[in-house]
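A short worksheet on the structure shown next.
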Amino acid sequence: MLMAMCSQLGTSHSWTPTQCHLNAPTKTFQKAKTTHSMPPEKKEIFKSLESWVSERVLPLAKPVEECWQPHDFLPNSTLPSDEFIDQVNDLRDRTAGLPDEYLAVLVGNMITEEALPTYQSYLNNMDGGVADETGASNNPWAIWSRSWTAEENRHGDLLKTYLYLTGRVDMQMVEKTIQYLIGAGMDIGTENNPYMGFVYTSFQERATFVSDGCLARLARERGDRVLSCICGTIAADEKRHEIAYERIVEKLLEVDPTETMIAISKILSGHITMPGHLMHDGRDPHLFSHFSAVAQRIGVYTVSDYINNLEFLIRQWRLEKIEGLTSEGKHAQEVVCGHVARIRRLQERADERVQKMRPTFSWISNKKKVLMFEKS
Ligand SMILES: [Fe+2]
Ligand SMILES: [Fe+2]
């Protein structure tokens with residue numbers, strides 16, 4: 001899961017850390033938060049879906065023996081030293097042609113992946129009996145969330161090691177940013193509500209799939225076929241996860257259309273806060289906005305992608321055709337189905353704004369300024 005949000009749309013929360021240490025309050029804004037918004041009787045719905053999850057969702061988690069592992073893509077550390085060093089040198093030759101801006105976006109994605117403890121906590125804070133009550137529960141919802149976490153864990157591991165070996169990244173600043181981010185958590189407003197939570201994760205997995213696919217293409221264009229393969233392989237995982245979460249929402253639309261439509265409307269028609277939004281490196285108070293802006297400018301994740309993802313989900317879940325809704329559900333349906341047309345108008349303004357931004361990143365080693373990204 002990842003990815004940079006459209007803070008370029010101008011609706012994101014900006015924040016300034018008051019002090020740069022973990023115990024300091026990490027945000028200056030506070031607003032009243034709704035929590036545990038799901039009516040308790042809805043728990044029965046999630047209980048009734050347990051066998052369906054076993055049949056239709058768990059097969060989307062790959063058995064460990066069939067999974068790739070980070071070391072498959074990295075210099076082989078079991079080789080004799082000189083052969084290992086040769087492989088590291090090959091990696092450094094391949095990555096020499098990657099623009100700094102590309103590296104900065106890849107680092108930002110990797111840091112977001114590395115905040116995985118936050119996302120597993122997020123799943124386990126959902127109501128409805130979908131959380132892992134014991135830490136090793138046999139409930140199919142819990143089995144899925146642990147399997148998902150275990151698969152996701154490889155993404156940050158692989159990207160972080162690869163970036164370390166390039167020699168082009170200030171790993172201490174990267175590691176500090178990861179520690180800050182996990183310490184800060186995330187505040188995405190899904191109210192411990194599994195209806196909203198699974199809509200959110202559907203969107204996030206798709207966003208990550210799209211951005212990783214783009215990173216794969218750009219790496220290939222710049223001559224690093226291994227990195228291209230890495231990003232493409234991670235994108236394939238994200239796609240599988242996207243399918244799982246979309247399938248859950250599709251099923252919820254079938255069994256409880258009104259509650260699900262309201263949740264979809266609340267998430268997709270609102271400001272979708274991204275999981276790494278509290279990213280901080282101890283230096284740049286607008287780090288996440290800067291990361292998002294560069295991701296947008298080099299085309300890894302753009303406002304257009306954001307809007308396309310909304311459109312995709314509206315189509316995927318056939319939201320315009322859902323029937324059996326109460327008046328509240330019908331209102332939610334109208335709002336979400338009309339949302340994309342409304343925000344398309346903001347796209348041009350957002351594009352203009354990011355074109356002017358030239359942030360620097362502490363993550364990039366020995367560089368005063370992030371170089372312009374030029375298409376080959
Ligand atoms: Fe993911
Ligand atoms: Fe991931």
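Using N, Cα and C of the backbone, Cβ positions are placed for all residues, glycine too.
Of the residues Glu41, Glu44, Glu238, TrEMBL places Glu238 in the same Fe cation 1 site as Glu113, Glu152, His155.
Glu205 is the only one of Glu114, Glu133, Glu175, Glu205 that TrEMBL places in the Fe cation 2 site (with Glu152, Glu238, His241). Of all the binding-site residues listed here (Glu113, Glu152, Glu205, Glu238), it is Glu152 whose C-beta has the fewest other C-beta atoms within 10 angstroms. Filtering Glu113, Glu152, His155, Glu205, His241 by Cβ distance to ligand 2 (under 6 A) retains the following binding-site residues: Glu113, Glu152, His155. Counting Cβ atoms from all protein chains shown, His241 (Fe cation 2 binding site) has 24 others lying within 10 Å of its own Cβ. Across the fold, the C-alpha of Glu152 (Fe cation 1 binding site) and the C-alpha of Glu205 (Fe cation 2 binding site) stand 11 Å from each other.
Cα-Cα distances to Glu205 (Fe cation 2 binding site) place Glu238 within 10 Å, out of the binding-site residues Glu113, His155, Glu238.
Summarising the environment of His155 (Fe cation 1 binding site), the number of other Cβ atoms within 10 Å of its Cβ, over all protein chains shown, is 26.
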